[in-house]
Ligand SMILES: O=C(CO)[C@@H](O)[C@H](O)[C@H](O)[C@H](O)COP(=O)(O)O
Ligand SMILES: [Zn+2]
């Protein structure tokens, strides 16, 4: 296959998957936007984590809440747990890589906060551990996963929200995760300020 055809195929597959999942995913995305809005308007905050591309997604989302998305509004409380290299290296060095997010959740998380846990496989051990820590702190978990939801799907509790992109390609799952995160930013702004 030529390079041009490969690129065309990526566009085609990405667009088709997005369209095929739009109805299935709109309900959990709406529920997650409402849960995040409730958290933020009750002086709560959102802690976000993930590995690799999902770490970038966690940071992308936190930046859009702290700064802005598409309209002017007050700063909203969100922290990516992927950015402080001293915290991350000390936990990984002294304990284990599987603890890098859960220790931060135990330190920063409060009752009523939301953990945004992102993994395309649903099987990243450090994200699963962060979910356990969030439950200990009586936080709500919004899980963005892929495939069959993996281990993350199995440890979620009633009241948590699961946005699972039922596809097998990591890249395609990531593309829909980013779309879901932008829907969440837009949904939070809409619930806060209405149609601007
Ligand atoms: O961005 C990509 C692949 O597109 C990679 O960096 C990918 O995020 C990493 O391999 C992650 O470690 C995968 O973890 P996960 O999504 O299964 O939790
Ligand atoms: Zn990637």
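Cβ from N, Cα, C; glycine included.
For residue 93 (substrate binding site), applying a Cβ distance below 8 Å and a minimum sequence separation of six or more within one chain yields no residues. Summarising the annotation, TrEMBL assigns substrate binding site to 51, 52, 53, 64, 93, 94, 119, 120, 121, 124, 174.
A helical conformation is recorded for residue 60 (Zn(2+) binding site) in the three-state DSSP classification. A simple way to gauge crowding: the CB of residue 60 (Zn(2+) binding site) has 16 other CB atoms within 10 angstroms, across all the protein chains here. According to TrEMBL, the Zn(2+) binding site annotation covers 60, 64, 174, 182.
TrEMBL lists 36-196 with the feature domain 'SIS'.
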Cβ-Cβ distance under 8 Å to residue 121 (substrate binding site), same chain, at least six residues away: 145, 146, 147, 150, 170
Contacting binding-site residues for ligand 2, chosen from 93, 119, 174 when the Cβ sits under 6 angstroms of any of its atoms: 174
Cα-nearest neighbour of residue 182 (Zn(2+) binding site) within the listed binding-site residues, 51, 53, 119, 174: 174
In sequence order, those binding-site residues of 51, 53, 60, 121 whose CB lies under 6 Å from ligand 1: 51, 53, 121
Inter-residue Cα distance where the pair is residue 53 (substrate binding site) and residue 60 (Zn(2+) binding site), in Å: 10
In the chain carrying residue 51 (substrate binding site), residues 6 or more apart in sequence that have Cβ under 8 angstroms from it: 119, 124, 126, 127
